[in-house]
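Everything below concerns the one structure shown next.
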């Protein structure tokens, strides 16, 4: 296929001659118990409690003009699902690195483990209720 034909068929991938850059996000869920030992005595978060956590993992980068995608969603699942399995139906405080498992610390925990595996890792979102979430974008 000539270059003009290729560009015509894939024009949606280009904006002003530049390759389209996207953020691709995938959600995961797990159930876990926790307590926050750094909170003051009497605070409800210092007592053991549970959440239905949602973890959103987002990667960013240019869309491949040949495949039309940033990369296969399965790559994200392959990296994240083993971590979810470690956390699901567990007490987070008992997991190395999560002795004080705030949303902020949990987001950084995921980042530290996913950054080497997911090129273009953009952000980790930890949502512990329908109204509260933490967004972490590495050390930027």
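The backbone N, Cα and C atoms fix where each Cβ goes, glycine too.
Under the heading active site, proton acceptor, TrEMBL lists 45. Sequence annotations record features per position, and here TrEMBL assigns active site, charge relay system to 89, 128. The Zn(2+) binding site feature in TrEMBL is assigned to 49, 51.
A C-beta separation below 8 Å, combined with a sequence spacing of at least six in one chain, links residue 89 (active site, charge relay system) to 30, 31, 32. Residue 45 (active site, proton acceptor) sits 12 Å from residue 128 (active site, charge relay system), taking the CA atoms of both as reference points. A separation of roughly 11 Å, to the nearest angstrom, links the Cα atoms of residue 49 (Zn(2+) binding site) and residue 128 (active site, charge relay system). Considering other CB atoms within 10 Å as the measure, the emptiest surroundings among the binding-site residues 49, 51 are those of 49. Close to residue 128 (active site, charge relay system) in the fold, though at least 6 residues off in sequence, lie 51, 53, 103, each with a CB less than 8 Å from its CB.
Under the DSSP three-state reduction, the residue listed as 'active site, proton acceptor' is assigned to helix.
All protein chains included, the residue listed as 'active site, proton acceptor' registers 14 other Cβ atoms within 10 Å of its own Cβ.
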